[in-house]
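TrEMBL has this to say about the protein:
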TRANSMEM  7-33  transmembrane segment
TRANSMEM  39-59  transmembrane segment
TRANSMEM  71-89  transmembrane segment
TRANSMEM  95-118  transmembrane segment
TRANSMEM  130-163  transmembrane segment
TRANSMEM  169-186  transmembrane segment
TRANSMEM  198-219  transmembrane segment
TRANSMEM  225-243  transmembrane segment
């Protein structure tokens, strides 16, 4: 497990440069680390809490809290309910790795096409758009509780389709991931599915990487290239974990 510590630092560093949390990367690395599968969701969620808290502090200025107060309260309430339910489900080892592998593959494909589709399509939002986002917010929260991801990578395309401004999407999803991850971790903690000996060292590496990445993110890197490389890595690991689950 120790040999993976530098990779957690690297993923946190690179993902924070492009404004992402890296939850799918952490679950992927934990999935191939050989640790007890029951500790994977709680560990990944805790690491997500650290990174997305930093992200939210950067993006919160883009959220129109006054205009969307009721919607945001409902969205985060639905998400917390979903992630709490998902955290109570024990899939069993083989099914867990199967679901995790599929989730990583889908999230990778979404990332590949997200930059192509991500245009600022802000428009007047209709009631059905808000309802759609609330439903998916619950479902992605439930999925996040199951496998240990924040769900933001799934929510952001839905917000985009619904017509939210791109900059506001970053703020909404960062808080969404933070709350999902926090309540998901608490739920796993109450069930005893945590291992401090795994979480604490990784937290130090992820915190250092995300702080450094966020600081350097203000310079002119090639974030699209970095993100695509990371996505291909997650795609490959997701395929390996899926194979591990079905064989």
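Just so it is clear, glycine is given a Cβ too, placed from its N, Cα and C backbone atoms.
Automatic prediction, not curation, is the source of TrEMBL annotations.
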Query raised in the report: Is the number of Cβ-Cβ pairs under 8 Å between the transmembrane segment (71-89) and the transmembrane segment (169-186) three or more, considering only pairs separated by 6 or more positions?
Result: yes
**Report entry** Within-chain partners of the transmembrane segment (198-219) [C-beta distance under 8 Å, separation at least 6 from its ends]
**Finding:** 1, 5-6, 8-19, 22, 26, 35, 39, 42-43, 46-47, 50-51, 54-55, 58
